[in-house]
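Some notes on the structure that comes next.
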Amino acid sequence: MAPVTYTHTLLWLLFVRMSSICNGNIMDVETTGASERTARQDKLDHGGVAASHAMAKTDSGRMEKYKSIIKEVGSKYDIEPALIAGIISRESRAGNALHDGWGDFDKNRGAYNAWGLMQVDVNPSGGGHTARGGWNSEEHLCQGTEILIYFLKRIRNKFPDWNSEQQLKGAIAAYNTGDGRVHSYENVDERTTGKDYSNDVVARAQWYKTNGGF
């Protein structure tokens, strides 16, 4: 029985490795970083990858509180923890931009549109999700990551000729704007918030991968 168990272990490790490869390597995703508009949140006088890195670094102290659950969720879903951290940094500044767990107040609705660190869209006219778990809970991060994976599958079906890194970038854009508003790789952020969402998230994620211990 020992050889069978050993073989099963090797096959499982290979499966996990291949799953990660299939989901794309965040360090190999092309990025131009944040727009000048997004960078102005931190009073930066420039956009680009350097601006995204600066904002990720600003959030890193707060992000540290969530590192263990981010890693747990990343392992569970075969999504790089650094990417989850990048989304959290962009969406909620690691919780600093939230009001009692809520963000993106909609004056027309008189209510907040999004919940938690990953800003799950609860607007009936938007994502229409029912929020799960506390705003900074593992359950919430699971929900946000499941939404990302849903869009990754949609983008793979929509753009089968894209490579894994391109599909991952498309999924990140779709997390913000929906896959129906992603029309090409060249203009992947054309309909995203700030017209830079996936580029900014990727650059922040790369910083967390390299410098944040994710």
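Quick reminder: no glycine exception, Cβ is built from N, Cα and C everywhere.
Since this is a predicted model, take the numbers as computed values, not measurements.
Quick look at what TrEMBL annotates:
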SIGNAL    1-24  signal peptide
DOMAIN    69-191  domain 'Transglycosylase SLT'
ACT_SITE  GLU91  active site
ACT_SITE  ASP104  active site
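Each residue contributes its Cα atom, and for GLU91 (active site) and ASP104 (active site) these two points are 10 Å apart.
Counting other C-beta atoms within 10 Å of each candidate's C-beta, the active-site residues GLU91, ASP104 are led by GLU91. The average pLDDT computed for the domain 'Transglycosylase SLT' (69-191) is 98.
Taken residue by residue, the domain 'Transglycosylase SLT' (69-191) breaks down under DSSP into 59 helix, 13 strand, 51 coil.
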